[in-house]
Amino acid sequence: MQVKSIKMRWESGGVNYCYLLSDSKNKKSWLIDPAEPPEVLPELTEDEKISVEAIVNTHHHYDHADGNADILKYLKEKNPTSKVEVIGGSKDCPKVTIIPENLKKLHLGDLEITCIRTPCHTRDSICYYVKDPTTDERCIFTGDTLFTAGCGRFFEGTGEEMDIALNNSILETVGRQNWSKTRVYPGHEYTSDNVKFVRKIYPQVGENKALDELEQFCSKHEVTAGRFTLKDEVEFNPFMRLEDPKVQKAAGDTNNSWDRAQIMDKLRAMKNRM
């Protein structure tokens, strides 16, 4: 399994990622969230372009799915005999041909991919959990549901739904035994800003060792995609630590009386105000 991260909209502030997921053994690939063709296509080799079997969206927002039609047209012109699918969570994803149900299994060459529906940021949000059975490598493409040390805004959902998405749907599908080997590839590079928010919850160095290490990494590296795992998220991401008394206190639950949805909603509101 190989993952190529492609920057999009960094100069305009969007700091999006497109990803080329490849099964190098079978020379097949998926192009995930290629919203900006002029930025994506020059980053692909001719062999990579020919290898694309599907354009894949994590959700329908323009900065993830608006490149579908142009990319599809380009790839068909490049290889007229090939069939390129468009995979997404709803008909709102342009040119979509496959809308997978929750936990639908798909294959890319030898790679096994589970489609985890995570409605909240949008109703059609999907995270794609990938396993390479040959090497046992694993990763997950989380779009705007899970960011490194953060999560997406609840545009079309609630705190309860985001809690379910992060802490049930993703974690339980992947399985605790696989958290430490499942690398996270989010839709945006928001990590540095997220660290500033999380530091308000754990203000002292030493309170959260995982956060300290993430902060140090961010001080030296611009790109964090694929560098951290689900286990890391459970250790430093407050949206995945709702049972932590420090997270509860930061949200305003001083007597441990709030339910998880209330804590999640308040955390998101606090992050929105930053």
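Keep in mind that glycine also has a Cβ here, set from the backbone N, Cα and C atoms.
According to Swiss-Prot, the Zn(2+) 1 binding site annotation covers His59, His61, His121, Asp144. DSSP assigns His59 (Zn(2+) 1 binding site) to coil in the three-state reduction, placing it in neither a helix nor a strand.
As annotated by Swiss-Prot, Zn(2+) 2 binding site applies to Asp63, His64, Asp144, His188. Note: His188 (Zn(2+) 2 binding site) has non-local neighbours Gly14, Val15, Asn16, Tyr17, Asp144, Phe147, i.e. same-chain residues 6+ apart with C-beta under 8 A of its own C-beta.
Sequence-distant contacts of Lys271 (substrate binding site), defined as residues of its own chain at least six apart whose C-beta falls under 8 angstroms from its C-beta, comprise Gly150, Phe197. The secondary structure of Lys271 (substrate binding site), as reduced to three states from DSSP, is helical. What Swiss-Prot records for Arg153, His188, Glu189, Tyr190, Arg268, Ala269, Met270, Lys271 is substrate binding site.
The C-beta environment of Ser257 (phosphoserine), restricted to residues of the same chain at least 6 apart in sequence and closer than 8 Å, is empty. As annotated by Swiss-Prot, phosphoserine applies to Ser257.
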For this session: Would you kindly give the Cα-Cα distance separating Tyr190 (substrate binding site) and His61 (Zn(2+) 1 binding site), rounded to the nearest Å?
Result: 17
For this session: Could you check which of the binding-site residues (Glu189, Ala269, Met270) sits closest to His59 (Zn(2+) 1 binding site), going Cα to Cα?
Result: Glu189
Exercise. Can you name the residues of this chain that are 6 or more positions from Tyr190 (substrate binding site) yet have a C-beta less than 8 Å from its C-beta?
Worked result: Val15, Phe147, Thr148, Gly150
Exercise. In the structure shown, which of the binding-site residues His59, Arg153, Arg268 has the fewest Cβ neighbours within 10 Å?
Worked result: Arg153
Exercise. Taking each of Asp63, His64, His121 in turn, which of these binding-site residues have a Cα lying within 10 angstroms of the Cα of Arg153 (substrate binding site)?
Worked result: His121
Problem set entry | Where His188 (Zn(2+) 2 binding site) falls in three-state DSSP terms | strand
